Amino acid sequence: MNMNDLLFQAATQTIDALSFTQSHVIDEDFRAHSKATINSVRSLQREQRSRIEQNYGPRAVSSDAIAAQLRATYRGETASLELMKEANERGVPPAFMANMSHSKCQVFKKEMKRRIHEWERAFREEHGVAVTAHDKASLHHVYELYKAAKNRLKETESPRKTAFEPKVEDTSELHQPQYYEKKHEPYQPRQALYEGGGNNGDAGRDERGGTVGVQPSQISSTQMDSAGSKQFTTPASVTSSINVPRQNSPSRPIRKGKPASQMSDDDLATEKRYLKYILHRFESDFEQKNGRPPTKNDRRVWTAEYTRYGELKNEILRRSANGKQGEASNVEGGAHTRVSAGPVTIPENF
């Protein structure tokens with residue numbers, strides 16, 4: 001083939017290509033489509049792709065599938081836990097969990113928590129509502145296993161904290177003269193001053209090192225008011241009762257305090273200041289030791305003292321309100337007030 005023929009063939013192909021591109025389009029699959037029908041073809045292609053993705057594409061795992069996977073993953077552990085419960089050993093962790101180290105138990109609990117949260121999230125996305133207690137019934141054994149792992153972790157953390165926590169001694173006691181006298185005295189159990197009422201009060205006294213066993217008459221109001229609450233010096237009997245833990249004795253005698261309505265104003269104020277001092281001291285020591293203020297559950301061991309403090313405070317407020325009402329009635333009565341002919345008794349706290 002001579003040069004003229006080659007040039008003619010190249011010119012012919014170029015002309016055909018230019019003419020073809022004027023009326024056709026080449027798609028991604030190197031297929032030629034007419035420009036008149038290209039929009040319809042592309043619409044059909046998009047619809048075909050969406051059907052393929054809808055029918056054969058990846059799907060999110062359903063909550064039922066995740067629940068079945070959870071039950072299968074922890075089948076052996078839950079069975080071991082159920083056997084322990086049937087043997088009436090509810091407080092004892094299963095054998096596989098008892099042999100776990102602290103770090104391994106922590107990893108086990110964290111993995112369980114992640115899987116449970118994954119199921120709850122899938123359930124919420126699938127049904128549009130949060131998981132309820134009724135929905136958790138299908139995974140009851142899994143939740144029981146997670147609870148056992150959590151309790152086991154708390155048990156292993158308690159001795160670690162006790163071993164590494166330094167003993168903090170209240171520096172305010174070092175300035176009290178009774179501190180050095182009572183430090184080496186043998187402990188003498190004392191009777192409780194207040195009864196917290198019901199089982200909660202008794203449980204609180206047994207759980208605590210011991211309730212404060214002192215009558216308000218043992219503390220003079222001069223000691224309370226002399227230097228304020230910050231420099232208040234507790235009597236020796238109170239210091240001994242607070243600092244020295246008492247041995248648990250379920251059969252120890254319980255003695256109720258005097259009813260607030262039968263106490264004099266001085267006794268009410270004295271005992272109220274004393275209770276305020278020891279409760280404030282408990283809360284400040286707790287916050288210093290744990291880095292947070294005590295909660296309602298933490299204050300449960302001092303239920304009797306808090307209850308008694310509330311009774312005394314309410315009685316003082318009631319007497320104060322009655323005194324103001326009496327003064328107001330005397331002023332409003334004016335000349336119409338009847339004056340008795342007998343002797344007038346002036347109260348002591350007038």
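Quick reminder: no glycine exception, Cβ is built from N, Cα and C everywhere.
According to TrEMBL, the features are:
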DOMAIN    102-157  domain 'FAM13A-like'
REGION    152-267  region 'Disordered'
COMPBIAS  152-173  compositional bias 'Basic and acidic residues'
COMPBIAS  214-251  compositional bias 'Polar residues'
DOMAIN    267-316  domain 'FAM13A-like'
REGION    322-350  region 'Disordered'
Averaged pLDDT, computed only over the residues in the domain 'FAM13A-like' (102-157): 89
The domain 'FAM13A-like' (267-316) - residue tally per DSSP class, helix then strand then coil: 43 helix, 0 strand, 7 coil
DSSP residue counts for the domain 'FAM13A-like' (102-157), split into helix, strand and coil: 49 helix, 0 strand, 7 coil
